[in-house]
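One structure is given below, encoded as structure tokens.
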There are 2 protein chains.
Amino acid sequence: MNQEQNKIPRATAKRLPLYYRFLQNLSASGKKRVSSAELSEAVKVDSATIRRDFSYFGALGKKGYGYNVQSLLTFFSSALDQDEVTKVALIGVGNLGTAFLNYNFLKNNNTKIEIAFDVDPSKVGTKIGDVPVYEIHQIGEKIKEEDIQVAILTVPVHVAQSITDELIKADIKGILNFTPARLNVPSSIRIHHIDLAVELQSLVYFLKNYPED
Amino acid sequence: MNQEQNKIPRATAKRLPLYYRFLQNLSASGKKRVSSAELSEAVKVDSATIRRDFSYFGALGKKGYGYNVQSLLTFFSSALDQDEVTKVALIGVGNLGTAFLNYNFLKNNNTKIEIAFDVDPSKVGTKIGDVPVYEIHQIGEKIKEEDIQVAILTVPVHVAQSITDELIKADIKGILNFTPARLNVPSSIRIHHIDLAVELQSLVYFLKNYPED
């Protein structure tokens, strides 16, 4: 990452993967250019915000022409470090965890679930979606051995904090938390929390209060 | 909903379920008051934004005291219409769908998955997590019969649009889309899209570019 990219505001940075994914689809379908209005419709971000976001990456858009899809892709690919694979561990091979292992982010070039952990003896020692499943007590050992920095947490809520404590000891840097638990971690560790109940509640709230969009 | 609440900005509205969930936890653990700094730490929203959000609900906070947990809960509960249950259908009982059925948002008072749909004959006619599974071709009939307005979409990406078309015909109002597909729907239908690959990519991006938060 160069200095320039470090100046991108957080809110903009958060939208980068979304833009990137959509532009990949556009490119795959043979589109050469895209307007901010089309982008807005597709990614559900208003077009003024898109134009401002893109202005941080340099003057890539032209009035009446829009943006060149390939130039945007090249920029995003570099910004998102698509060349460098980040190794991920998955903790908790229940239904949600199994869904991740089978999916394994095949469309991403830059993230790969390398190892998984569970307590169930019928799962430990097997491979699910090509990913080996280890006993949960091997977290410290295996994560250090494989030099893994990111964990996906799909365990029951009542063990979420104790397993997080193990991940902290294993020097994990980021956790994608799918449990309803709010985890206590040192400020050096980044947590993204996806609470599926909150997502559903948010949709219902919008339906009730903004029905006429 | 009264007029006052309709004036809440979108961005604030989006955070309501998150605030509500955290305040429920606080209340359950016996806490009577909370500062915007504590809230900020817990829900990962900066405290200036929290204070601005809360100001839309009236002057609920006091300097040096913080916010009364119970007053906030009462407000949010009413804003989120916790009394009125929204019935939800789940389409696609794979690993991710099964995870939803077993979880079924028990901590929410206001959303309940009533029926599910799949193509797999070994699943159709059974109940998973107490939810009956119907054949996918029954979507139109059953969703109208049960007067369901919200659907969770956890089907393979290549059938996402065709099933969405069925949901549109069945007069669904909102879709929580967990497939990587960008769905085409009339503007009267609200879609919230949760792309798990994008979420992981976003976490990795932040780790690489803002390691020192």
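Cβ from N, Cα, C; glycine included.
What you see is a predicted model, and the numbers here were worked out from it, not measured in a lab.
Of all ranges given (A:18-57, A:98-137), TrEMBL attaches the label DNA-binding region to A:18-57. Listed binding-site residues: A:G92, A:V93, A:L96. Those with a CB under 8 Å from a CB in chain B, in sequence order: A:L96. In the domain 'CoA-binding' (A:81-182), helix, strand and coil residues by DSSP number 32 helix, 29 strand, 41 coil. Sequence-remote contacts of a segment are chain residues at least 6 beyond its ends whose Cβ falls under 8 Å from one of its Cβ atoms, and for the DNA-binding region (A:18-57) they are 7-9, 12, 65-70, 72-73, 75-77, 79-80, 107.
In this structure, A:G94 is the one among the binding-site residues A:G92, A:G94, A:G97 with the smallest number of other Cβ atoms inside 10 Å of its Cβ.
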